[in-house]
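Record features (Swiss-Prot):
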type	residues	note
ACT_SITE	Thr5	active site
BINDING	Ser161, Cys164, Thr167	Na(+) binding site
Amino acid sequence: MFKGTTIIAVRKGDKVSVAGDGQITFGENTILKHGAKKIRRLYNGEVIVGFAGSVADALTLSQKFEEKLEQYGGNLKRAAVELAQEWRKDKILRKLEALLIAVDKKDTLLISGTGEVIEPDEDVIGIGSGGNYAMAAALALRYNTDLDTEDIAKKALEIASKICVYTNNNITVETL
């Protein structure tokens, strides 16, 4: 399990939101930063990514993904698959300890530093140390309330921050 962050993506109707907390943890017991931004817009704002894991590895994965998005004209699935294929062939890159959630108007993908691309069955996906807590909260809110995606994502992270010591309530949300 990767420590130090929680990222959640929530899709409902024609909207999708990605939210992340701001905590960066060093080792087992030191908080280095409270207000880190782990959510980014790519490809002229048409794609949102959120990353979890080792900071350097997550940034490397995000940068490589951005290059593939540019190369394949913003095609999210194609960029993810091409990145995964490159990743699996490179012995050094395969060892990256990072996960990335990437969304556009149509698709939600989980991309791992080990070269896997997964399209979730549900309209909600969570990663990072508090990902399962946030995902459970978001699923409950998604299917049992009239909240929009941004509010669901934010509330899910607030709940996760009360359970997971590696997640804080300094939340960034981006919506398409």
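Cβ coordinates come from backbone N, Cα and C, glycine included.
Features as recorded by Swiss-Prot, highlighted on the structure.
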| residue | record | contacts (Cβ under 8 Å, 6+ apart) |
| --- | --- | --- |
| Thr5 | active site | Gly20, Asp21, Gln23, Ile24, Ala36, Lys38, Phe51, Ala52, Gly53, Gly128, Ser129, Gly130, Tyr166, Thr167 |
| Ser161 | Na(+) binding site | Thr6, Asp21, Gly130, Thr167, Asn168, Asn169 |
| Cys164 | Na(+) binding site | Thr6, Ser129, Gly130, Tyr133 |
So how many other Cβ atoms are close to Thr167 (Na(+) binding site), meaning within 10 Å of its Cβ?
30
Can you tell me whether DSSP puts Ser161 (Na(+) binding site) in helix, strand or coil?
helix
Na(+) site shell beyond Ser161, Cys164, Thr167, criterion: Cβ within 8 Å of Cβ centroid:
Thr6, Asp21, Gln23, Ser129, Gly130, Tyr133, Ala134, Leu157, Ala160, Lys162, Ile163, Val165, Tyr166, Asn168, Asn169
